[in-house]
There are 2 protein chains.
Amino acid sequence: MTATALSGKELATEIRAETAARAAELTAAGRPPTLAVVVATADESSAWYVRSIARAAEKAGVHCDVIDVGPHAAAAGIAGTLVRLNADDAVHGVILQTPLPEGVNAQEMALAIDVGKDVDGANPASLGRLAAGLPAFAPATAQAVVAILDHHGIELSGRPVAMVGRSTVVGKPAAHLLLDRNATVTICHSRTRDLAAVTRAAEVVVAAVGRAGLITAEYVSPGAVVVDVGTNPTGDGGLAGDVDAASVGAVAAALTPVPGGVGPVTTALLLSHTVQAAARVRAGG
Amino acid sequence: MTATALSGKELATEIRAETAARAAELTAAGRPPTLAVVVATADESSAWYVRSIARAAEKAGVHCDVIDVGPHAAAAGIAGTLVRLNADDAVHGVILQTPLPEGVNAQEMALAIDVGKDVDGANPASLGRLAAGLPAFAPATAQAVVAILDHHGIELSGRPVAMVGRSTVVGKPAAHLLLDRNATVTICHSRTRDLAAVTRAAEVVVAAVGRAGLITAEYVSPGAVVVDVGTNPTGDGGLAGDVDAASVGAVAAALTPVPGGVGPVTTALLLSHTVQAAARVRAGG
């Protein structure tokens with residue numbers, strides 16, 4: 001392992017400290033910033049994630065309401081809950097946790113989240129605004145990719161970047177954010193012919209495919225920077241990235257660790273967005 | 001010139017014929033499909049384009065209303081016009097023509113266009129829906145790029161495609177459409193380092209930058225397919241593409257001509273979208 005570890009912990013700590021300070025101000029002004037997390041699943045790893053958000057929120061002084069509508073909720077019921085939260089002035093950020101019950105489309109549901117409260121950029125309208133250069137919250141994970149590169153002084157302008165993964169949650173919004181930083185972005189996916197050749201041509205590789213260890217040394221050119229967005233549960237209760245750190249670490253110049261890389265920055269940004277949303281409402285009203 | 005000319009005329013004729021047939025049905029049913037074009041400029045090439053849309057609409061049996069709010073219209077007035085058209089059941093498609101008066105942001109204005117009537121995919125919400133795989137009209141030009149490739153049997157799945165240009169109107173939505181067809185898409189732009197090397201690595205090159213003749217032979221690999229979205233006015237009243245057809249035509253396998261390539265397909269798709277919007281309203285009401 002010769003690659004520099006691009007830790008996200010220090011950056012997450014910075015964001016959390018700033019968020020906590022702003023949250024304290026808002027609370028003192030009688031407007032405690034509040035994040036609502038709508039859950040419609042009994043999925044255990046989802047429950048684990050929601051608990052980790054709730055804990056982080058509490059530490060930052062952000063109120064977190066978990067609204068569990070049950071794993072059999074219908075689309076209309078979920079949308080109704082989101083509409084009610086949009087109308088609730090005491091709620092500033094709204095997240096719809098996935099997975100959703102079978103037959104309920106996450107993108108369609110997310111259309112019901114008010115763009116001003118869409119702190120995880122789940123509403124396709126937020127993605128469109130982002131792509132069009134209008135104010136919107138980016139999905140926290142996508143923003144964490146760029147934030148962690150910025151924090152470690154990695155230049156993006158003009159550089160070839162391979163975005164591996166084209167999900168609406170990470171790959172597509174991250175591509176827009178990277179493009180906005182003047183990177184030349186290649187979006188790769190499961191149907192990409194000779195993926196390793198495409199990623200080897202990039203100076204920065206971002207992996208967000210949800211397949212543990214997919215990116216091995218042969219996918220990476222010497223000196224490249226690699227961002228690992230993967231959080232694949234391992235058999236022993238741990239987390240594995242999309243990048244095989246052991247082999248890639250010997251080739252790449254720098255690599256974000258899993259855990260401790262993109263993950264903590266994502267959670268911190270989610271809370272930061274909530275406080276921003278609360279501050280904006282306050283300024284507006 | 002050894003490259004095959006990928007003409008758009010035949011495809012445009014097909015789309016127009018289908019559109020005219022559906023328009024006649026809708027008109028017979030007492031619901032003449034209607035496109036409203038909002039103009040807030042005295043720009044001559046814009047006026048030329050609007051006249052060409054109006055002529056094409058008339059031929060297809062689509063009613064076209066040009067609403068000229070004047071080159072000094074304020075943002076509120078333009079948005080108000082769009083909101084009024086959204087509410088008008090006799091109007092099925094709405095286009096906001098650019099350029100807009102100084103200080104008026106086209107993306108912001110387009111937010112006011114109802115997504116169901118946004119037949120040129122100008123509203124960032126339409127772009128977001130497109131990226132998220134939800135129903136929406138794509139910008140006609142972006143869709144024309146994929147339609148013309150399909151028409152000529154050019155395979156996209158798995159192939160490396162260079163999208164040169166990152167505008168909200170063409171480059172970004174076209175990238176999503178190409179991605180949706182499983183192409184591996186590289187989005188290049190003015191800040192791309194060694195653009196020629198990037199485009200030479202692609203099997204399909206789409207040029208949408210608005211610079212006459214930018215793409216010369218050295219930007220294209222032998223056997224590549226080149227789509228020219230450029231419509232740059234020439235001194236003598238003609239149109240020049242972004243591709244230098246004389247030099248690229250000797251290297252590429254196929255090339256869309258300008259004029260007669262993407263242009264006629266774009267206009268035909270715009271009218272097709274309007275008829276689709278009218279048919280949908282009718283089905284719904």
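Cβ from N, Cα, C; glycine included.
The average pLDDT computed for the domain 'Tetrahydrofolate dehydrogenase/cyclohydrolase catalytic' (B:6-120) is 97. What TrEMBL lists as domain 'Tetrahydrofolate dehydrogenase/cyclohydrolase catalytic' is B:6-120.
According to TrEMBL, the feature domain 'Tetrahydrofolate dehydrogenase/cyclohydrolase NAD(P)-binding' maps to B:139-280.
Look at TrEMBL and you will find B:GLY165, B:ARG166, B:SER167, B:THR231 tagged as NADP(+) binding site. For B:ARG166 (NADP(+) binding site), the count of additional Cβ atoms within 10 Å of its Cβ stands at 25 [all protein chains shown]. Reduced to three states, the DSSP call for B:ARG166 (NADP(+) binding site) is coil.
As a whole number, the greatest separation of Cα atoms within the NADP(+)-binding residue list B:GLY165, B:ARG166, B:SER167, B:THR231 is 16 Å.
Around B:THR231 (NADP(+) binding site), the C-beta neighbours below 8 angstroms that are at least 6 residues distant in the chain are B:LEU239, B:GLY241, B:VAL258, B:PRO259, B:GLY263.
Of B:GLY165, B:SER167, B:THR231, listed as binding-site residues, none is near chain A by the criterion of a Cβ under 8 Å from one of its Cβ atoms. Reduced to three states, the DSSP call for B:THR231 (NADP(+) binding site) is coil. Residue counts for the domain 'Tetrahydrofolate dehydrogenase/cyclohydrolase NAD(P)-binding' (B:139-280) by DSSP state, with H, G and I taken as helix and E and B as strand, are 54 helix, 26 strand, 62 coil. Counting other Cβ atoms within 10 Å of each Cβ, the lowest count among the binding-site residues B:GLY165, B:SER167 belongs to B:SER167.
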